[in-house]
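Note sheet for the following structure.
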Amino acid sequence: SHGLFLSPQNMVKSFRVSDLQTLLASMGRSKSGLKQDLVGRALRLVQTEYSPELLKNVRQLYETRFPKASAWLAARRPESVPVNYPALNSSPRGTAQGTDYLNDYLNGIPKPAPPPVAEVKLVPLPFYHNLETLLPPTELIAQNSEKLQESQCVFELTPSQVEQIRNSSELRPGMKSVQVVLRICYTDSIGVQEDQYPPNIAVKVNQSYCHVPGYYPSNKPGVEPRRPCRPVNITPWLHLSTVTNRVTITWGNFGKRYSVAVYLVRVFTSGELFNQLKHCSVESPERCRELQDKLRFDPESEIATTGLRVSLICPLVKMRLGVPCRVLTCAHLQCFDAVFFLQMNEKKPTWTCPVCDKPAPFELLTIDGLLSEILKETPEDVEEIEYLTDGSWRPIRDDKEKERERENSRTPDCPVVDICVPEANGHSPAHSGTNQTGKSGSGGASAGTGGTSAGAGGGAVVDLTLDDSSEEEGGGGAEDSEDTDDSQDSPAPKRGRYDYDKDLVPAY
């Protein structure tokens, strides 16, 4: 079979380990593991990210792996159609070398394959979509042996690029959604590079210094503050015209090599990323149940030790989940709130799973459709659920909550003593002696009422459950109790629980 008729999936299946590692590294994925792991990872990548760059890399690797098939395809191509086999990198030099190598091969001239041209690739960022490359990654070259170096780079904006910036919406006052950003990383052609600032960095755009993100303060004693390395927005200091823009970078030369690049980007907000997530990455309840069954029997899964219990409280903000989200590559069912996770990474990008601390890139996030339905069906006081083997689930209430419910629903274990009813010996325990005013209780309804007043004033325990009935039975004795001195300490008999004073306004 030939590459012309092979699908990208079949091409990937024919790759060697080195080819798989090259492909995964070029797309910013991990290249560690056995061959079967690499094949599975590459196939998932082809299925989920069907981009032109990915297809170009797959075809390039296939044609390097099977040059005879590539030659056959070139021979079958009409002479009027130019042959263009781009190298894995996109530099002009690499393209020319790849084409010359193929032409030499077709002409029967044996020649070893050219070594790949070193090219720095920056990792894609979820909040930044590259529109155009204004300056490809270019290494900062030290001019002398001094520790503090100064490097310059220049670029120009086309009229259409200027219009894009001017006509873009504002994320907030003074900040456009289409920006020109400066990115700095280590000079390394292996894999993709994350943003990394050199020491003592300062950026000057057209003679004006621009803001570079500072350090995050550390709350832990003895831990140095960490600096967030992210794209630097240089748009406010640019000439929004065809005039040449000059960027001067001051950096510390301490043995490491750095490269700088400039891009025209579209900046997304956390709300826009959330909308993308809702429309493109929601796992159906059926798929979630299949994952449960898989995790039950996976020895490496955390389910083996934690069981199939899932908390409905977000580990990030300790509040009830709104939109349950997790990472496709994590071995747990516990979710975190998608909205809060995106908002936190918008301000402080870490892209780490808050449950297991493993990488949680945006493209691997998914919304749990099953847990979303459960959250709609459970009351607010349920904080945990358990998945059962038959595919159903049950709520788990907190032990304290259960105890509270039992106390509210059951009758007291100890008997209630009615202080208004005389005992068998003719005396009530609450007023077997004299009351505080020196007057003794006088039996009957009035005695009960007076005893209640004495009990209230003397600190005796009063059964409040008899409040309504005692008022009805002791209605005639209420007038007698007004003559007692201690009646002023007792509450008004008609005072209800929800009877507010006229001058008081409820808080809700």
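Yeah, the Cβs are placed from backbone N, Cα and C, and that goes for glycine too.
TrEMBL annotations: computationally assigned, not manually curated.
Annotated in TrEMBL:
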- 396-410: compositional bias 'Basic and acidic residues' (COMPBIAS)
- 465-488: compositional bias 'Acidic residues' (COMPBIAS)
- 496-508: compositional bias 'Basic and acidic residues' (COMPBIAS)
- 12-46: domain 'SAP' (DOMAIN)
- 109-268: domain 'PINIT' (DOMAIN)
- 299-384: domain 'SP-RING-type' (DOMAIN)
- 396-508: region 'Disordered' (REGION)
*Check the domain 'SP-RING-type' (299-384) for me and report the mean pLDDT.*
88
*By DSSP assignment, list the helix, strand and coil residue numbers for the domain 'SAP' (12-46), in that order.*
24 helix, 0 strand, 11 coil
*Tally of helix, strand and coil residues over the domain 'SP-RING-type' (299-384) according to DSSP?*
26 helix, 18 strand, 42 coil
